[in-house]
Structures are given as structure tokens and as C-alpha cells.
Amino acid sequence: MIRSTLSSWREYLTPITHKSTFLTTGQITPEEFVQAGDYLCHMFPTWKWNEESSDISYRDFLPKNKQFLIIRKVPCDKRAEQCVEVEGPDVIMKGFAEDGDEDDVLEYIGSETEHVQSTPAGGTKDSSIDDIDELIQDMEIKEEDENDDTEEFNAKGGLAKDMAQERYYDLYIAYSTSYRVPKMYIVGFNSNGSPLSPEQMFEDISADYRTKTATIEKLPFYKNSVLSVSIHPCKHANVMKILLDKVRVVRQRRRKELQEEQELDGVGDWEDLQDDIDDSLRVDQYLIVFLKFITSVTPSIQHDYTMEGW
């Protein structure tokens, strides 16, 4: 809790900046956080902004109805140690630090654990994601016909075991003033709706991150004491900066290939018309990417659940 207290003081004392440095640092301003939150809620309506309430400790640099984002009752049907990673985070980050195939630019955020709903509809688990539109599609829920499987499962007496494993999480995304990036908080419940202890919530954090990234702390935006596990945001900006650079390289290469094709077809003015194109990831797409690399920290929480409500 000492670390949590120090973090709270740092958040309180760090001055707010409104100068955008997204493309150069991977950090965002409060205004850009709101912009990215609006986009997330538009694309995935189960994500909501907070409602105004007397229970909230407001920060005056954000609108009262846009202090934090929340999605409730996200399923978690197994523990993190039961998830087999396709690619370990160390391997993925090493790949980012080296000059490799630009086609794998978003493989970091697209890498998934073997999970009942982790594979996008119509996709394969090992397919690389190379565009933000495909990334958005990857977050959608795959429609499955579960009737036959459920009957067989019940016949084998597996339902009781499944209920013991079943958990749900409320996920919160707030703005970190000290790191100028989004910060994730998770609050867990068992199948009966009783709150999970911090130790139980840590079971759903990847072992690689439990002692490095996850912290027990109270939700800072509620006046009432609500215990959570937060995902420390110290590396978020660096990951986003690397990703931005990679996206830029991929899109520039594709544009060059398209230009060459157009020139072969006799379209000589194509290059002049494309000079003002922005090859970077848009700042409003920030949280889409943010949620994808959060899955490496909490692999058993079904983040793909965002396209369905309760």
C-alpha cells in the first residue's frame, strides 16, 4: 500500500499539460484522453463514461461526465496460469526493439492467449493484425453455437467446476497525470457476486507482471473505498511510441507500393495528391490499442467481451 500511496501523491502533484506530444512521446493530454474515450464508446458501446454522482472525486481538468471509462461484468472463466501464451511478452518486446518485418507491426497487440473467445470471427489465432480496422474487428465477439457444447458439458458434470472458476470483472480506465497515459483498474467478483480479495485478483494477472506491473490500490476516483488491482502505466507511452513508428513505416511502405502500381497504370499525379496523408495511428484510436496490449497482463479476462452487454 506504500507504493499505492506514493502513486496517489504523484498523481496529485504532477502538473497537467495540454500540449499534444502524442506522435513524439506516445503520451496523451486530458483532451486526447476524452477524444479516445469517445471513440472507444462509439465503437464498443458496452464501454461507458461515468455518470455524474456525489460519490465521485472529480478532477477539474476533465468533464464531470468523462472522468473515467467503465465496463461491468466482464467474464473471466479461468486463471492466468491456465492461459498458454502464443508469444511471450519478452519475445514480443524484443521484436519491437529490432528491425524486422514491418508486416508484423501490430503483432504485439494482436498476439493472443489460447482462449475460448480470443480468436476473432473468421480469423485464425496466429494471423498478424496489420491495420487498425482489423484490430477493431479482432476485438469483436465470435458468435458461437453453444447449445450442444453446454448439454455435453452438463452431462459430464462440468458445470459445477465451471461455476467455481467463473469470475467477473469491472474494468475502469482513468487518466494518469503522472505518466500522461490511460491507467487500467480491475475489480473482481466471484460467481455469487462477492468481491474478490487482492490475492484472488492477482491470480488473473500474468505471472510475469504480478510483481512488476500490478499494484493493490483503492479506486482514486471514488470517495468510498473500493479496492482494486491497477496496471501500472510506466511503460505504456514507450510501447505506444514504438507502435506509432512501426505503423508509420508500414503505411508508408504500402503507400509507396500503391504509388508504383498507379504509375504503372499511367497515373502520374498520384504522388502529389498523397503528400498530405498522415501515415500515423490517430490519437482517437489510442484506447483500442491500449486494450489489446493490456490483454498480455490479464490474459484470462475476456476483453473481447466488449461487443456484448448484460
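Each Cβ is built from the backbone N, Cα and C atoms, and glycine gets one as well.
Record note: of Lys19, Lys125, Lys142, Swiss-Prot gives the feature N6-acetyllysine to Lys19, with no matching annotation on the rest.
Comparing Lys48, Lys156 with the features listed in Swiss-Prot, the residue bearing the annotation N6-acetyllysine is Lys48. When the ranges 66-69, 182-185, 270-273 are checked against Swiss-Prot, the one recorded as motif 'ATG8 interaction motif (AIM)' is 270-273. Just so you know, of the modified residues Lys19, Lys48, the Cβ with the fewest other Cβ atoms around it within 10 Å is the one at Lys19. Other C-beta atoms found within 10 angstroms of the C-beta of Cys234 (active site, glycyl thioester intermediate) number 12, with every protein chain shown included. Annotation note: Lys19 (N6-acetyllysine) sits in a coil segment as assigned by DSSP. Lys19 (N6-acetyllysine) and Cys234 (active site, glycyl thioester intermediate) have their C-alpha atoms 20 Å apart, to the nearest angstrom.
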